[in-house]
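Worksheet: one structure, shown below.
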Amino acid sequence: MGVCGYLFLPWKCLVVVSLRLLFLVPTGVPVRSGDATFPKAMDNVTVRQGESATLRCTIDDRVTRVAWLNRSTILYAGNDKWSIDPRVIILVNTPTQYSIMIQNVDVYDEGPYTCSVQTDNHPKTSRVHLIVQVPPQIMNISSDITVNEISSVTLLCLAIGRPEPTVTWRHLSVKEGQGFVSEDEYLEISDIKRDQSGEYECSALNDVAAPDVRKVKITVNYPPYISKAKNTGVSVGQKGILSCEASAVPMAEFQWFKEDTRLATGLDGVRIENKGRISTLTFFNVSEKDYGNYTCVATNKLGNTNASITLYGPGAVIDGVNSASRALACLWLSGTFFAHFFIKF
């Protein structure tokens, strides 16, 4: 919009036109001077969004009239303010310097500014370009997500800023130097594995201010895997405990069987306790009939697995006494009936 669009009085428009004619500065066409040292405006001015920008113009006693323009709009002519923007103020108007300030600078203030002077002989101009920098800001980022193992995952992180920020993704839930880094708005993970679960950090950086950082959590579901199951030896009349530990997401539910019979707390003097990843089967007073093989079954919505654990008495010879046999199994669970096929290893 031209300057007359901002003014309410026709005579002011006439004065502006007169100023342009007086300075011989047609709209949008600054006059060039052969004297490169006069007037002398600053080099390009770079400020951050929200700061104040000072535009200085060096002049001398040959100057009879002086003005600051933004493109074709006069901001100040001498001490007279023509801009209706309250953020624009005059700082210095002396025989050697003519300076204005733009407060609380925003991106729309960026562009060319012209110092125009009139001497006894010729009109002269000098131009400065205002550059507005904007700190990085993440505007849109993916929400926390839960997926099944072997799925594909795409995370999005959109950021703005001036200069345009660099967006980097980093996996936080691994040791330093072991996680992968992606310099892109999109992070794509194909056939995601359980060890790729955890927090992912998006960082937007453009060196204007501290990076903007946000995090996304990926939860990877996977079927149970029995990581620890140990055979136990105990004498008749003593307390015996069989323990079974399973890793799974969601957390596994446990069941205990002896042959085809499902065990329950309070039956035959046993107690079953499930705490997190560990399930224990406790015998408070072991008898001869308690000796034998027990099966721990761990189940979640993605599948199940089991391990065979032996409770044995003194002098018994057990293969692999330090670890129970594990098995991949096909299971049918219905009431107390338990059928299975083992592939032992």
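Even glycines carry a Cβ here, placed using N, Cα and C.
Quick look at what Swiss-Prot annotates:
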type	residues	note
DISULFID	CYS57-CYS115	disulfide bond
DISULFID	CYS157-CYS202	disulfide bond
DISULFID	CYS244-CYS296	disulfide bond
DOMAIN	223-310	domain 'Ig-like C2-type 3'
LIPID	ASN322	GPI-anchor amidated asparagine
SIGNAL	1-27	signal peptide
Exercise for review: List the helix, strand and coil residue totals of the domain 'Ig-like C2-type 3' (223-310) as derived from DSSP.
Suggested key: 6 helix, 56 strand, 26 coil
Check your understanding: Using C-alpha atoms, which one of the disulfide-bonded residues CYS57, CYS115, CYS244, CYS296 comes nearest to CYS202 (disulfide bond)?
Key -> CYS244
Review point. How long is the line from the C-alpha of CYS244 (disulfide bond) to the C-alpha of CYS115 (disulfide bond), rounded to the nearest angstrom?
Key: 82
Practice item. Determine, to the nearest whole angstrom, how far the Cα atom of CYS296 (disulfide bond) is from the Cα atom of CYS157 (disulfide bond). Key: 44
Review point. Taking the domain 'Ig-like C2-type 3' (223-310) alone, what is its mean pLDDT?
Key: 95
Review point. In angstrom units, rounded to an integer, how far apart are the Cα atoms of CYS57 (disulfide bond) and CYS157 (disulfide bond)?
Key: 43
Check your understanding: Given CYS157 (disulfide bond) and CYS115 (disulfide bond), what distance in Å do their CA atoms have, once rounded to a whole number?
Key -> 42
